[in-house]
Each structure stands twice: as C-alpha cells, then as structure tokens.
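Colleague: Pasting a structure below so you can have a look.
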Amino acid sequence: MKIDKELKLLNYLQKIGGVATIEKLVALGGEIGEEASTPNWSSRAAGVEAALEATSKLNRGAALSSNELFNLEAIILPELRPAIRIVGGSYSVSHSSWVHLNKAAPKGVITAALQSVGRIELPGHPTLPYGGTGFVVGDELLMTNRHVAEIFTSGLGLSALKFRPGHHAGIDFKKESEDDPDELLRVADVVLIHPYWDMALLRVSGLRRASAPLKLSVAHPDDLRRKEVAVIGYPAFDPRNSASVQDRVFGGVYNVKRLQPGTVQDSQTVTSFDHNVLAMTHDSSTLGGNSGSAVIDIANGHVVGLHFGGRYLEANYSVPSHALNLDSRVIDAGVWFAHTPSPGANAGDRAWEELEMQERAVRPDPATPRMTFDLPIRITIEAGAPAMVAPHKAAGDSALAKWPAPAAAPSTEAIVEPVRDRDYGTRKGYDAKFLGVEIPMPQPADNADAVRFPDGGVEIAYHHFSVIMHRRRRLAWVTAANVDANPARKRPELRPDHDYTRDGLGGMGDNDQERWFTDPRIASNEQLPDLFFSKDRKAFDKGHLVRREDVAWGGTYDEVRFANGDTFHVTNCSPQVAGFNRAAARNWGALENVVLRAAAAERLNVFAAPVLSDNDREFRGVDESGTVRVPIPSRFWKVIVAVADDKVQTFGFMLDQDLSAVEWEFAVEPVWRAKMRTIAEIEAAANIVFPQMVRDGDQAGTAHGEAVSRDAGLAAAAGGSASPSDPANAAAADVPIDLALDDLSPILDGWLRQQEQGGVKDDVRMTLNFEGDAPDDATTAAALSSALRLTLDVQALFDETPELQNHRLLRIPGVSRIDRPDLFDLARVVRRISGASTVDPDLGTDFFDGDRPATRSVGPESGGLTFWCWADDDDSPADKDWAIKTTKVPEAWALSQTKGKAAEGKGVRVFQPDTGVIAKHSELGAGLHEAAGAANFVELGQPGALDPLAGGSNPGHGTGTGSVVVSPKAGIMRGVAPQAALTPIRCVRSVAVFDQSPVAQAINHARLKGAHVITMSLGGISSAALRAAVQAAVKSNIIVLAAAGNCVGEVVWPARYPEVIALGGVNAAGKPWRGSCSGPSIAVSGPAEFVLRADARNLAGPNAASGGQGTSFATAHMAGVAALWLAHHGRDELIAKLPPGRTLQEMFRAVVRLSAKVPSGFDTANYGAGIVDAEGALKREPLAALNAVAPERGSGVLDQLTGLLDRVFGAGSSEAAAPALGDSQNYPELATAAFERLRASRTRLASREAMPPTGLSAGLREALGHGTERFARAPLPERA
C-alpha cells in the first residue's frame, strides 16, 4: 500500500539524512547536481521543485500522490545515493553530497581499488549474462558471494569442491561498458565455500599487477557506523524494484562498473542460507549484479564488508570483514587483512563443525573406494572413479578457447527407464488446495475429445500433477502441477546416500539417458510412444510439459524420486524444438523461477499444455503400428498461479516455436519466442476454461506483470525511447515481424480468400506518413504485398499538392473491415515493412451522432442509443425560425444592404465535406450535387457529390446541413447565406462513421478548388494527414469550421485542432444543448436544437424542412455567418489588412468571439465565448479585433491527447500512458480508447450495466505495460 511506501521513504530519508528530521533536504534545491533526473517536467528546476515539495509534504505527514512518490525516488534518492559510472578507470562526481570524492585523497584510494574489482563472467551459461562481482583479496585469490559461486560450483567448505559439469567462470576487471573487449581471466579453482556466511573464495591465475589485493578491515561494525563507504560493483536490473526509479538512478545502463557511495548503518539480523546472521548494513544504491561487491572504507581503501543482498528502502546487507577476521579457515586460505587478524570463537564455528562431521562420516579410504556408515542398517557403497565432463564451449567464445578441458573418463551409455512408482493407485494428482485456497484444474471448454476413464473421469493423476489428454491428437490438452521450491522439500532426509541430481533421482548412470514410457491406464493409441520421438530423425526434443524440477519434491526421498519419474510418462511429453523447456534465458523453463522470485513465494500452481490447433502442420513419424502423421503444435501456453498477501496472482504466457522454414523430413531448428498473454487470450487459443479466480488474478498489463515479463526476458514494451523517424528503431522492442504477421494470419488469410472470391466492395485504407520524401510507391507496394500476401496499391493521398506528398495512401481492395484493435496492430506491421514514420488506418469511428435518431421509441431493444442526448419534441420552440432570429441574421443582411456591401454571402464559396446532397430538394434547388468543384471520395470514380441516401443512421445529413447555409429565403426555411455558393463534397457515407483519409482529401480538394469557407459537420479521431490538410487550408486563408461533436462529451477531431474554429451548441433559451460536446477547444456556440433544415426524405411540401439537432447545424450556421462577413468586408480587402504571419482564420475567430452574446450564467469555459451574433460580427472592426487578441499558440496533438486521457480516465492517466505516448503511432488508438469509453458511458446500457473492458490492440498493451489496466478497465466517467 502507498502508506507503507511513504513510511519506508520517510525512514530511509531520515536515516541517510543523518538527522531526526528531513527538513534540511527541503533546502537542497540549489545544490542538486545536474545528473539528477527530471522526468516529464518542463525544466530541471520544475522537477527539482516538485521533488522537494514532495519531501516537505512527507516530513509534514501529508499524503503523497503516486507522482509525488516517484518525484522523491527519482530525484532525491539518486541525488543522495548516486550510482556513478566508471570511465577509463576513474570517475567524476557532480552530486552535491559527494563532490568531496573528487578530492585527491579519496580519489586516489578509490581509483586504486577499482582496479581490483571485476565482473564474474559465466561463459556459455544459458541464463545469466554474468554472475555478480568479485574482488582480489590475496595472491591469485578472489572473494565473492557463496550464492554467486554456487552458480558454477558444487560443494561446501574446503573439500569436495568442484565445478558443475559444463560450467565455468572467469573474471573481467574492466567492463566499464558492454562494448569493452573481454579481458577474461579463468577461475581455475574453488578454494572455499563458507557454510555460514554468504562468501566464497576462488583461485584465479594471471592477475595483472594493477589488480593488487584489497585488504580486509578488522574493525568491528559498531565502530564503523555512519562511516562513508563506497560499494564497487556491477549493478544489474532488478525486477523486484520499481523499473522507473531504477532507470532514473542508473540511467537505463546496467551491468557495468559503478561506484555507489553511502554510509555504514546499524547491524541487523537477517536469514542467509538457513542461518540467522548479524549482517553489517549500508545505504548505497545497489541492485542484483552487486552481489559480491566490496564495501570499501573511503578513508583508507580497506574492505569493511562483502555485499550480499538487500531490501529496497530498508537496508543493504554485507558480510562484515570483522567476522572473517575471526575465522581461521578464511585466514589460512590466504586472505589479506589490513591488520593482524584475531582468529577465535565466532558465529560460524557451529556450521563448520557440522559440515566437517558430515565429511568425516562419508569420506572414503583412497585405497579402497568404498563409503561405509551406520544407520538402522549397515550400508556399503562401492565408489568408482568420478566421470569428468568436458566443459561446454559457447559458439564463438574465444575467451574459452585457451582453457584446456579435463579428460573424460570412458563410460557405457544406456537407455534406462527412470525410477518410478509401479503402483498407480498411490498417485493423488494435482491438489487444488495446495496454495491455501481452492484453485481447480482448468478444463477443456468441450471435453468430447478428452481421453476418459470408465467412470467418465478425464483427469490422469500422477505424483504432484495431473494431465487431461486429447484423444485424437494423442497429446496433453491440460496439465496441472503443484510446485514446492522449499529446499527442505526438494531435499528431504538429507543424507549422504541420497543423490538429488537428475541422474541420482532417476537411478541413472553418468552417461545414461532416460527412456520415456507409456501410461498403462489409457490405450496406446491415445498417447504417443517413445518410439515416435526416438525415430523422428532427430527432428524434435521430447519436451516435458510438467517440468521435472517443478514436481520433484516431497516429504521423503522416495516421494521425490517417484514424482521425478512420473514426468517421463509420454502423456507429459510434446514434440518441442530444442531447448524449449530448459531453464535458459528467455526460455519456457525459467518462468516458474521468475514468478517464485517476484511473488516471494515457495509454492506455485502451474498449468501448461500445447495449443492444439486445427491448423497445426503434420509430421510423418512412426509408432508401434507403423507410419503415423501427427500434427505438431506450434504454440504452447503456461499459466503460473501464486498467492501473495492472500491474493491470487496469475501470470499467463504463450510461446511460439518457429516451424515455418522446416523441411519436415529433417531437423527442426531451435527457434522459439515467448510473450506474456492475458488469461482470456489463452482460454480462447487453447479452448479451455480457467476458474474465475485465475481470471481475476491476471497480472497481464499490470506493473507486477511487466516486471515478471521483463525478468523472464520476454519482449519489452514498444514505444518509449524509439525515434518516430526511424520505424525500425521504434519497433525494435516489438516481436519479430514474422511473429507479428503470424498473429494476424487469420485476418490476412480471410482477406486473401475475399480477394480471390470477389464480391466484397469495401476496402481498407491506411495513410503512410513519411518524414521527408516518401519512397517509390511501387517499391512500397511490392514489399507490403509480398509480406501480407494481398493485392494492394500505394499512391499519393493528395493529388496536385507537392508539399503534402509525404502522405501516401495504402488501399487494400475487396476486403471487409476488421476490429479496430486488429487494425491498429496491422498498421504497426505496415509501418515496419514500409519504413513510414507513422501509419494511420481509416477507423470508421462512430463518435459523432449526426442528428436525432429516426425513432423516438427507446425501448429495451434500443439500449445502445444515446437516449439522454436529444431533446424531446415536446420541447420544440414555438418559433420554428428561432435560430436565424436569435443570431440576428436578418439584421446582418439589412446592415450589409444599408452599407452598400455585398449581402447574404454573395460571391463567397462555401465547401462542405459531408455525405453529399440529393439531386433535388425544394429548399436547395436542383443539381447542387453537380456544382463546380463537387467531388466524391467515397465511391471513387463517381462524378459529383450525390448522396444516395443508402446506409448510415442519418441519411441526407449533407442535404440538411447544406440547407442551413444556403437555403433560399422564399422557402419553408431560410439559409444564413442564401447568396453564397455551396459546393458539396461526398467524403463520408454517414457522419456517424468517420474515416480520416477521405476527409483529409476533401479538405485539400476544397483548398485547391478555391474554397473561401470549409464547413465540417462531422468528426472522429485525428490523423497526421488530416491535420496537415487543415493547416494547409488555414495557411491559405480559408476559414475552417468544424462541429464539436454530439453525445460523447469531449470535442472530437478535427474540431479539436487549435487551427480549427470549433462550434458548440445551444438551444432557443440560450442554454447549452444537452448533447453538445464541450471543452476549452470550443470557440463559440451556435443554434443546435430544433434548427430548421431540409429533410432529405421529404423533397417538397410542408414537411420539406423540420427541426434538426446537433452541433452539425451550429457549424453550418456559422459557415453562413462566415460567408456574410467575407461578403460584407470583402475577402481580398480583409487579407490585405492582415499583419505578417496572421491568417484570416485568426481574424474571424477574434471577431466572432468578441462579438458573441453572453447570456447570464453562460459556461464560457466549456462552450466558447458565447452565442454567435451575425450582426455584431459584421459591425466589429476586423483588424481591431485581431489586434485585441494575442496570436494563438496552438497545442500539439500530444497535448490535446494527454488532456483527453486525464479527463476521461482520471487524473494521472497521461502519466500511466507515458510509455505509449513516446511513440506517436499510438496516439490515434489512445484517443479511440478514450472516446469508446465516453460513448459507452452515455448509452442506456451504461445506466443499467457495467460496461465491458475497452478493446486495446496487442501492440498498445505492450507499449502501455503496467498502464494497460487503467485504460482497459477504467471506470466510466460521470455524465454531465
């Protein structure tokens, strides 16, 4: 909980401040060094100020927000306890608290010590890049931690110490960066593994003269308290701690040599290797790779401690050198001390005595290789010469080439069945209550294909795990295992005659191999025999689904052996590529270990199996009956369940083995890829059902899940530091492109069938935005067509516009639309293939209700309607012509006529991107759809802008809004500018379905055809091309207007762009229309409720015009006012008056805002400056109005988006989205998520039910990381 973090921070700051309070830290502002981080602030000073304010609040006992906690950790802690890079064997400190380390005396001490500290390397190790830190403490003698040494050695004490088979170690004293060349010295021998302290001594030959032994202090820890020390080591990323704070402290650079100053603190008792040891503590900033670091007294260079671990914000623990000074075995090993050591009684004596007693009991006579010891019976074991295993040499590992391999003893290899329990009645199987809460085994969604026992049961029980088999596939459908990592359960009855290694548990010889065996309880044709795998031409590994290491535990040695043996049933086997389930980096087998660490638990439940897909490719093999064809799974799933703090935590993973390039008569290459997945995704893929508590505990998308995913070496979140101009870099953290295409293969395959069969008239369009010149269209199209396996074309989005040629249109014809999350993931793939900076798919968003629904009946079947948005007919004003009168349009006409000016918009060209208009209507006249400049960007190739009135929830929308602009005065209604020329452009089928690219094309077309005013009663999501078209139009002195939007609360794009004049809506009473979107983007409001407009369904007669609702009509009304203003003053004359750098758009915005009427109590913060006043606008002196307002500093899309996220998903949401906001590719999807949430909250269903989670693409989920939860499951915003 946050309060726990606050208390830890307070205690920690008090501790490192060295005073009872932390008030002095508040005065630190002017002293904070330049290296202090200032994330997401406008300036370094602002960041420091925020951090210091958080410190002050903490001292006062005030609650801190999550952001303030971060400020403290990311600014104050790195300043007080920095981690300083070593460069060229030296350093430079700028942190105010530690600048004295730059002085000659301490710097001489520290730089000398730096030469003797190195990184413990593990050449060829499958999991770890390195082991930790070590330092020279004697002639050819290194000291490190026991837990570091045990990675590559076995044994304890002084004898029987040896390297683990195939493992080696070395030390590199440089490694100031990962690019440094190796200077690797081999660890030749293991000298001592301490049975009590976390300490080991290693022998290394060939030490440089500069790497002189460091001398251990004999001073007692109590005499060192508050003394300044420096930890020298190689900190690595530690998933147990905050990723963001670590990145601030260590600058995102790990695994290299650093100097980490701090002070010695009080000693504390801590458990280490089952002993309660009194450790010396210090407060330096350390991480995992610091294991084995020297804690050095800055005053004299003596080692006062050996760092071995710590707890974040609590303490770092070290073995006190004083304790080693008391241990005669350590002294005799050759460790150097600063003063004469004082061997004597010490805390480790009992551990040494117990160890030596055990060694005496089992040590054989060299002349007679036989061990004899007395138990209830007398046992004698003949001991042969130990077999030596040649060291494994990693490919290309030149550092090991000169290390001679020990000779291997000759032996005979055999294929042997491991020891197993022959009584199948003793097996209890998976224990659902193993974790203290009942977690049933997952089940197939439809178990008709499950292998069944005569009683109908499907669960096949083994020791500590169970399996459900798929009858036709002859493979496991589900496995469920109980994992106990308690060392006492892994090695019960700890006796010298018990061998707990894999070979020992299985009863195998040194070079024997295990034989897999069938389960006699089910038919042989319901399982794949060992013969299938042994005669597969070495194509596959026999892969454990339930890991042997996971279930090999128990209360007795036999129980451990029987569980180990049970994992070799072929029911627990699946054909897998090499290395699949071994505990290697980024590998399947490491996941349990990662979760154990993350959950700080010793028990887990693990569910796993292959994904048995109908699309799996067949492999021709053999079984006892002869040739058999077996579909080989290409995907596997694993779900790991832990209980931490009485809460169930679940972690789901999917792994793909790459079989795409396999010649199926030959070996499968060991290529696999893993990533974290949601439980729901795994259920869908594997056709299984998990218990509800497993679903509820899903950690995918949470901070905890992100840390586990990172620790497991899975794909990192996309976005962040990648440069948007370099798509290859931007996608560097993404999954491989072929795997991304695999994820989309069902969609691409479906589209291919649609294109081959024909009949689908729709197409999918995306805009490819390049920085600089776009590549050749044919080249781009060829690359995309080859990768996607589809017919497609790439062309210019904007014709005849050289300055906008960096926007290219990708069109995939003859395919149906897909869900938006999939569309966004496809756009990311297209981006990577094409090299575009960003790719914006046409989304078909429905965040703009164009007019009132056709029916007023809102029954249960209409649950999705925005029922609250529309005024009831009973509220219709008595004066149907109220809109024209309220805005003083007739007075404006009269003013122009009186002044001898052009009246009623004469000579002004108004272009209207919309649905187009019908061919003939009494309120518009005939043939308007064929006006000069009319165009169609929907039905390509069709002339004019005819609205076919087909599809959409508001047919004839363009006819209605167009009539508000130019309808003749003689009809049932009057347009605002009846003398203006209206040019319709059909760019949407319905304003309720908004695609960005045709709207952008329509805007640019209007500009090229000489538009004076562009009116857009439509809206949706932003795109780079849409904004580029708007900016080009405004720069050309075109007045660009757009509706704020209806029924979703927040202003939509393009109205949201600062360049656009956005219109809100009011009713006849001068109050905001109930459905109007609102916000600071709105410049002014206009009539939006029961505004007379042409009804496209009634071509003439008394019903040819009726009252419409929506900001669409406020926008059309304002377009008419703009035409009146341009005609009255003369457009050319207005442009001539513009100061350099100012636009006609700015002038008109200033005029209408300053002349607007402001009713009493009008909400100017959210609905603009007031209600448009046509007469007032014409009377206002234009240049004076422009000069009265400062030039507007338009905000970018990022600023607009962060404000939207915070308002929709709650304060701090933009911070949660920060990982995704680093890449503008994610902007449209984040905006879509916000508006989907808004729209969902405003339906009738939202008033009755909880809404489903927002759908997010896989790419955005990866980019958001721990922030995913906020956006996928955010609470609904309150309705205004």
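Heads up, the Cβ atoms here are built off N, Cα and C, so glycines get one too.
Note that TrEMBL annotation is computational and uncurated.
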Colleague: For which of the residue intervals 124-143, 344-363, 1004-1023, 1244-1263 does TrEMBL record region 'Disordered'?
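Modeller: It is 1244-1263 that TrEMBL annotates as region 'Disordered'.
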Colleague: Around Asp914 (active site, charge relay system), which residues of its chain at least 6 apart sit with Cβ under 8 Å of its Cβ?
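Modeller: Counting only residues 6 or more apart in sequence, the Cβ neighbours of Asp914 (active site, charge relay system) under 8 Å are His957, Gly958, Thr961, Gly962, Pro984, Ile985, Arg986, Cys987, Val988, Val991, Met1016, Ser1017, Leu1018.
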Colleague: Please identify which of His957, Ser1112 has the densest Cβ environment, defined as other Cβ atoms within 10 Å, among these active-site residues.
Modeller: Ser1112
Colleague: Averaged over the domain 'DNA/RNA non-specific endonuclease/pyrophosphatase/phosphodiesterase' (461-697), what pLDDT does the prediction give?
Modeller: 78
Colleague: Tell me, by DSSP, whether Asp914 (active site, charge relay system) is helix, strand or coil?
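Modeller: It is in a strand.
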Colleague: Please spell out the DSSP helix, strand and coil residue counts for the region 'Disordered' (489-511).
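Modeller: Going by DSSP assignments, the region 'Disordered' (489-511) contains 7 helix, 0 strand, 16 coil.
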